[in-house]
């Protein structure tokens, strides 16, 4: 199985599939079609029917092999890779029996144990790394390889009973648009799992509540030599707004269930300044309070300088999927049971981010997130354990089998 996983993952990551937030199409980049079309061919070679729509949502079915009435379970992964670092000309490196020391990549870049102490978990494992010049794309191509390998394994082992399985590969997750054209009725599942986590054992069913914020300040630009009581400096208004937010409630000072305000971009001059933020919080109450806080600061500036001086636009992006998943405890209990049977220590923690499951859960498809075995996503230090990819496959198989047993 390890060789199949290596072959699949290395063939997927060399295909550049980065998404593009500035694009208005779906997929946002044509190059995502290259991997989608390859996957369609691979699925058909397994003897399964596939269908892909105009937006690049590739769905397929493994029929049930039991007479029981089993919930239809979906498996999902995304084909696009992050825009944080280049994904062009990925050159994966395979390290057999990792010795536990610093890893020197071809570029000379080092994955140092002092900076990345989790490397100690992988001594003796087969690792796949970058060459130091690109990201790897294990997020989420490791998940794709694991789904494909799990489906192939079930076909080869008909003695493992399971219900109807739907699986799919989707575009544009990394830019937050993965579910925007996702047809839940066409996917036709009771529940689903994204295979989009990281370290072995991760099981995630809580995500942030998320919003995007755009703030604009309009100043009055007057020659500084005669500006008294006339000039309104938009940059100073921007500074006032930012300094009115809690200084410690930012990504670099928060963890776990703690939320934050994150200033993403600042542009401006005396006449006009624009700030872009994201708001994140696991608590819906605190999430709403953060939005109120921003509105209150804007109102105070408007009261002093006029309504035209400040404008804020807040758009909710997604909500904590835990609200939709916890009413279905089997979605959590079954993976926990399977992991323990595989001697995998579960890591149940909130996602400090979002997955496609965050939006899909609110579209009527409760979708927790399972581990893939990867680390340090979105940059040149990214790597994945093939040993843990194999465990991820058996975790998927075990979950599907357990749903059938409990039906």
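The backbone N, Cα and C atoms fix where each Cβ goes, glycine too.
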Quiz item: Which one, 20, 30, 131, 139, is listed by Swiss-Prot in the same Zn(2+) 1 site as 78, 196?
Solution: 139
Quiz item: Over all shown protein chains, what is the count of other CB atoms within 10 A of the CB belonging to residue 378 (Zn(2+) 2 binding site)?
Solution: 17
Self-check item: residue 78 (Zn(2+) 1 binding site) and residue 173 (active site, proton acceptor), distance between Cα atoms, whole Å
Solution: 6
Quiz item: Relative to the Cα of residue 378 (Zn(2+) 2 binding site), which of the recorded positions 78, 80, 139, 196 has the closest Cα?
Solution: 139
Exercise. Report the residues of the chain - excluding 139, 174, 378 - with C-beta within 8 Å of the mean position of the site's C-beta atoms, for the recorded Zn(2+) 2 site, in sequence order.
Key: 81, 82, 84, 135, 137, 140, 377
Quiz item: Taking the centroid of the Cβ atoms of 78, 139, 196 (Zn(2+) 1 site), which other same-chain residues have Cβ within 8 Å of it?
Solution: 77, 140, 143, 173, 174, 194, 195, 355, 372
